[in-house]
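I have placed the structure first, in the form of C-alpha cells, so that the comments after it can refer back to it.
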Amino acid sequence: MTQSATAHYFVESPSTGALVLGAVGVVFGDIGTSPLYALKECFSKEHGIAFSPDAVLGVISILFWAMIIVVSIKYVVFVMRADNDGEGGVLALMALVLRTVAQRSRKAKILMMLGIFGACMFYGDAVITPAISVLSAVEGLEIAAPQLSQFVIPITLVILAALFLIQRHGTAAVGKLFGPIMTTWFVALGALGILNLVQAPEILKSINPYYAISFLVEHALQAFIVLGSVFLVLTGAEALYVDMGHFGARPIRIGWFVLVMPCLILNYFGQGAMLLHNPAGVENPFFLMVPELLQLPMVLLATSATVIASQAVISGAFSLTSQAIQLGFVPRMRVLYTSAAEIGQIYLPVVNWLLLVLVIGVVISFKKSENLAAAYGIAVTTTMVITTFLAAVCMRNVWKWDPALVAVLGTSFLLVDLAFFAANLLKIAEGGWFPLLLGSAAFFMLMTWYSGRKLLRARSLEDGIPLEPFIAGLLAHPPHRVEGTAVFLTGSIDTVPVSLLHNLKHNRVLHERVVFLTFVTRDIPYVDDDQRVSCKDLGGGAFILKSEYGFKETPDVQKVLDLADRKLGMHFELMETSFFIARESVIPSRLPGMPMWRESLFAWMHQNGAKPSDFFQIPANRVVELGTKVEI
C-alpha cells in the first residue's frame, strides 16, 4: 500500500463489517436523527392541514416514497456510482465532470460555479444541523421531565459549546463509540416503531402510493407547503455521497439497506400508528411514542445521537474547507491533524470558532426546534438539485450513457428535487433566509478569492521574467556562490520567483544548489507517492522540483523533500537548507479586473490568510520571507 493510499479514513484496510459499523456511526447521523422533529413539523398548525386519519396516512405515504425515491434510488443506486477515485460529494463530482469539458469554456465556468455554490450551501447546513438536532433531543425533557423545561436552551448551549471546544483534541478516542451508539439508536428506533405499529397496523396501508397522491390532490396548496416539512426526513442524504471516500460505497449501501432504512421506516410508521391511536401525540410524536419509563433514557440516547450527527457535519465542514483551499477557492488556513492513525481527521481553528459563534447565535435566536425547522431544508435542497444536475452530466459525459436514458433519469430526479426546493422556498421568510444568506456570502467570498488569485497570477505572468533563460544567463555570469541549498517556493515554474530576484538584489549571492519548488493540485482526491514528485535539471546546480497533490491532501514541504530523497536521489540536509518565500502585499488599483471594493476585500483575505511557512509546515528557523507589493 502506498503512503497516499492511507489517506483514506483508515490507515489499514478493515473488514467490511468494521466499515459498515463505522459508516453507521458517521454517515447516517443527520438522516438518522430526523425522526425527532420531521413528523412533528409536518403537522405544524401553520400548515393549515386538518388532523385526520387520512391526513396521517397521506403524510406517512409521502415520507415513505420520498425516502425510497430520493435516498434509496437516486443517491444509493445512482449518484454513488459517480465517484472521483473513490471520493464523493459535490466538489469531487464537479472536479470529475470538469475533466470532460474544455478548460476556460463557458460550460466549464457554469459547472464550476454550480459545484462551488452547492458546496457553499453545505455551510448553511453545518450551522443548522447541530442546532436543530441537539435542541430537538433536549426538548424531550419537556415530555420526560417537565420541571426541567426552562433548562432546555441552557443545556443545549452547554452541549454544543463542549462539542466545539473538544474539536482541537480530536475525536479519535470517542470516535470508536460512534458506531455502537448509533447502531443502538437505530435498533431503538425500529423497536419503538414495532411497539406502536401493533396498536394500529392499518398505518401500513401508507405503503400504497395512492394515499400520497390522494393527499397531494385533495389538499393542493397546503400539501405543497407540507412537502417542505416532509423534506426533513431526507436531510442527511447528501452525507451518504459525501462520506463515500471514507468508507466506500458498498459498506454505506449495506448499512443503509440492512439497518438504517428499515429502522427509519419502522419508526416513521410507528409514529403514524401512534397518531392514529392517540391524536394528541401530535404535540411531539417521537417522545410520546416512547413508554413513560423509557422517556428519560431515550432523551439521553437521542442527545448522544444528535451530538454524533453534529460531529459528522462539523468534520464535513473541516474537510470541505480543506478541499476548497487546495482547489484555490479559499485562502490558506492552519490545518491541524488530530489523529496519527486516521488521516481524515483534521481541525481548522478558524472554521471551528466561526461555526461555534453561528450555532450558538442560531439557538438563542430561534429558541425552538420547530422554528429552526423552517430554516432547515432550503440549503440542502439547493445542494441536491445541483448534485442531480452534475450527476446527469456525469452519466452522459463520463459514463457515456444513452442520451434518452440520461434525460429520463435526470428529469425524473430533477422534478422531485425541484418540488422539494420550491416547497422550501415558501419558508424563506420564516427563517430559510438564514442558510441562504450564509451560503451566498460564502459563495461570494470564495469566488472573490478565486478571481483575485487569477488576477494575481495574470499580473505575475505579465511582469515576470521567463525562468529557464534567466537561469541560463545567470549561470553564464554567476554571482558569488555560497554553500548550502536554497529552496524557492513558487506558484509558477514559468517565471522567476520574486524571492530570488530580491535575494540577488539585496544579498548578491547564489547558493551552490538552487531548487524551485512548486505545488500543483490535481482534480483527483489523492496522488500516489510514485507520481507525486518530478524534477527537471536546469544545470549548474539549479533544479525545478514539482510536487503534485490531490484536492483532499495538504502539502507538506518536509514530506516532499523526504520523497525527493527516496525517489529522485535529491538529498536535503534541513539545517543547511534555506526556504525563500515571497510575502505579497496586494494593492487594489483601477487596472482592469474586479471593482475596487472587491479588490479591497481580496486584499484583506490575502493579508489574513495563513503564512505560507505555516501552511506548508516549514521549520520557522529555516524560512526567509521577502516582501513584495503587487497591484491588481
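Just so you know, glycine gets a Cβ as well, placed from its N, Cα and C.
Small disclaimer: the values here were computed from a predicted structure and weren't measured.
The transmembrane segment annotation in Swiss-Prot covers 19-39 (among others) and is backed by sequence analysis.
Per Swiss-Prot, the feature transmembrane segment maps to 59-79 (among others); the stated evidence is sequence analysis.
Among the features that Swiss-Prot reports, transmembrane segment is placed at 110-130 (among others), with the record citing sequence analysis.
According to Swiss-Prot, the feature transmembrane segment maps to 146-166 (among others), an assignment based on sequence analysis. Non-local neighbours of the transmembrane segment (146-166) in the same chain are 130-131, 134-135, 138-139, 303, 307, 310-311, 314, 352-353, 355-356, 359-360, 363-364, 367; each lies 6+ residues outside the stretch with a CB under 8 Å from one of its CB atoms.
Within its own chain, the transmembrane segment (178-198) has Cβ neighbours under 8 Å at 21-22, 24-26, 28-29, 32, 35, 204, 259-260, 262-271, 273-274, 277, 289-291, 298, 301-302, 304-305, 308, 311, counting only residues six or more beyond its boundaries. Positions annotated as transmembrane segment by Swiss-Prot: 178-198 (among others).
Per Swiss-Prot, the feature transmembrane segment maps to 213-233 (among others); the stated evidence is sequence analysis.
Counting residues 6+ beyond its ends, the transmembrane segment (256-276) has Cβ neighbours under 8 Å at 20, 24, 28, 31-32, 34-35, 38-39, 43, 53, 56-57, 59-60, 63-64, 67, 71-72, 76, 183, 186-187, 189-190, 192-197, 199-204, 206, 233, 240, 282, 285-286, 288-289 in the same chain. Annotation comment: Swiss-Prot describes 256-276 (among others) as transmembrane segment, evidence class sequence analysis.
Here the transmembrane segment (298-318) has Cβ contacts under 8 Å with residues 25-27, 29-30, 32-33, 36, 122-123, 125-126, 129-130, 133-134, 136-138, 140-141, 144, 159-160, 163-164, 167, 171, 178, 181-182, 184-185, 188, 236, 239, 242-243, 287, 290, 345-348, 351-352, 355 of the same chain, all six or more residues outside its ends. Residues or ranges marked as transmembrane segment in Swiss-Prot: 298-318 (among others).
Taken from Swiss-Prot, the feature transmembrane segment applies to 346-366 (among others).
Using a Cβ-Cβ cut-off under 8 Å and counting only residues 6 or more beyond its ends in the same chain, the transmembrane segment (373-393) has close neighbours at 37, 41, 44, 70, 74, 78-79, 82, 90, 93-94, 97, 100, 111, 114-115, 117-119, 121-122, 124-125, 128-129, 132, 228-229, 231-232, 234-235, 237-238, 241, 362, 366, 406, 409-410, 413-414, 417-418, 420-421, 424-425, 427-428, 430-436, 438-439. Per Swiss-Prot, transmembrane segment is recorded for 373-393 (among others).
Long-range contacts of the transmembrane segment (403-423) within the same chain, counting only residues at least 6 positions beyond its ends with a Cβ under 8 Å from a Cβ of the stretch, are 66, 69-70, 74, 78, 224-228, 230-231, 234, 377-378, 381-382, 384-385, 388-389, 391-392, 395-396. Swiss-Prot lists 403-423 (among others) with the feature transmembrane segment, giving sequence analysis as the kind of evidence.
Per Swiss-Prot, transmembrane segment is recorded for 428-448 (among others). Counting same-chain residues at least six beyond the ends of the transmembrane segment (428-448), those with a Cβ under 8 angstroms from any Cβ of the stretch are 113, 116-117, 120-125, 127-128, 324, 329-330, 358, 362, 366, 371-372, 374-379, 382, 594, 598, 601-602, 605.
The transmembrane segment (346-366) makes contact with the transmembrane segment (110-130), as judged by at least three Cβ pairs under 8 Å among residues 6 or more apart in sequence. Pairs of Cβ atoms less than 8 Å apart link the transmembrane segment (213-233) most often to 59-79, out of 19-39, 59-79, 110-130.
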